Amino acid sequence: MRARLCVSQGLRRQGMGEEEQSMSLLRRVAFLLLLVMRKVGASVDSDDVITRDEQIYLLIGAKAACERAIRSQMNAVQETDCVPEWDGIICWPKGTPGQLVSVFCPGYIYDFNHRGQAYRLCDLSGKWEQVPSLNRTWANYTECTTYLMSSHRSQEEVRPSCTVKEVFERLHLMYTIGYSVSLVSLLVAISILRFFKRLHCTRNYIHIHLFISFVCRAISIFVKDAVLYTASDESEAQDESIGQRPHMVGCKIAVIFFLYFLATNHYWILVEGLYLHSLIFMAFLPDKNYLWALTIIGWGVPAVFVSIWVSVRASLADTQCWDISAGNLKWIYQVPILAAIVVNFFLFLNIVRVLVSKLWGTNTGKVDPRQQYRKLLKSTLVLMPLFGVHYMAFMALPYTEVTGVLWQVQMHYEMLFNSSQGFFVALIYCFCNGEVQAEVKKAWLRRSIALDLKQKARVTSSGGSCYYGGMTSHATNSVSLSAIGTKGLPLCGVRQRPPPLPTPTSPHATTEAFLTSTMQQDQFKVTEGTKAEHEARDHCLSIKEHETTL
């Protein structure tokens, strides 16, 4: 009995030290719901996310099962035993006086560490141990909530739950900013490639399809967040009958489109890899037919296996919203996506192999090897986001098998690269592309010249004379039009005469003088510059004729 008292007192002191972690079991449930709503399937396993309504539904089912089990056990409960009960999270069995009752962390709480255990103490009076200051039953859920903590830390060193909440809020902010920046940059890149007709080719058409897949992926994530994770207050889970659950059609549609655009994004990355690989290893490509085949791969193949998953899910596991995992059904769409990632990775390795062989093959000993290494490193780093190589880092590690600091590293890594991949792709394929930069500079130069000419035309027309001489452009490269104004166009405010003809000394000299005079007179008819330049010159000539008439 003394030993039991010592154990009881020791456990009581341990429980008092953990009051901050077990102040409110119902608040813990609500907090877990918040954690669930903050988590986003960054990689392939996107349906391992659970909504607030789904979690409440699972808790209601667990409570009903617990109540049935309690009714069946009441006959075996003695007066000195602690009675079995449902505490809002776990169905506790009966306990004998002085017994430390342990129960495995329930599987219906999504983000629990299901390998851990929760503890309650049945005191010597046959009642569950209480926390006097809170008038609540003492329970230790530390092992259930250590999925984010280091496994080697002792229970006294476990960080409070607010730190875990900050981790999820930081992840949510990170991927929201990343996808927003990617979305804006991708839309600008699509507009540039579509606007300039000189950039219309098979290669850029594939880039546009890839950009659109990234845009659709980002939009589907924002829509999914709006549909699944709204109204995430920390209210207590209230009992609801199954018939009172909200309609799940919108939730299912959001999940379907998210999975489809996630798959199309991976497959268009694969298409880019196939196209680049074929350019290197194939001498001739029928662009038109090849583009159609790649389009079918990028948009059609994901539609096939996502449709199969939708049909199977609707037939075998049509429960609540489809964002919750349905066991092995997720492999219907995960296997094709993983296959695309693996194939793209091998294409990347083969292209890097070719780059290495060409760099060392062209090196005749005159180039510093360190410079060769820098070129290879630069090319490899450019290819990595284009081929989605970062997906390989944690592909073999599912979230449920990773805990502690490694889990945080994995989530920050995936959120950072997945959300910003669209920005890097737009940067490499569009903004840093030499052809695109040249077309943008030409368009800016033409616009600057047109604005300068229109401004000069307005100034000269309001002044009554039209000096159309040299002027400075507002273009970035400070192009001067003085040569055009002085050689190709007259000074409209001054009467000019052609220079006197040279004295003809021979038929050849006469012909030469005639050609010189003709060329000088034809300078008034030279059609150089843009349309705005012609309009300004015609306006100047009309003013000159009007002044002559007066």
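Along the chain as shown, the residues are counted starting at 1.
Just so you know, glycine gets a Cβ as well, placed from its N, Cα and C.
Database features (TrEMBL):
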type     : residues : note
DOMAIN   : 65-148   : domain 'G-protein coupled receptors family 2 profile 1'
DOMAIN   : 171-433  : domain 'G-protein coupled receptors family 2 profile 2'
TRANSMEM : 173-196  : transmembrane segment
TRANSMEM : 247-269  : transmembrane segment
TRANSMEM : 290-311  : transmembrane segment
TRANSMEM : 331-356  : transmembrane segment
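Outside the transmembrane segment (247-269) by six or more residues, the chain places 44, 46-47, 51, 206, 209-210, 213-214, 216-217, 219-221, 223-224, 227-228, 297-299, 301-303, 305-306, 309-310, 320-323, 333, 336-337, 340-341, 344, 386-388 with a CB less than 8 A from a CB of the stretch. The average pLDDT computed for the domain 'G-protein coupled receptors family 2 profile 1' (65-148) is 83.
According to DSSP, the secondary structure content of the domain 'G-protein coupled receptors family 2 profile 1' (65-148) in residues is 16 helix, 23 strand, 45 coil.
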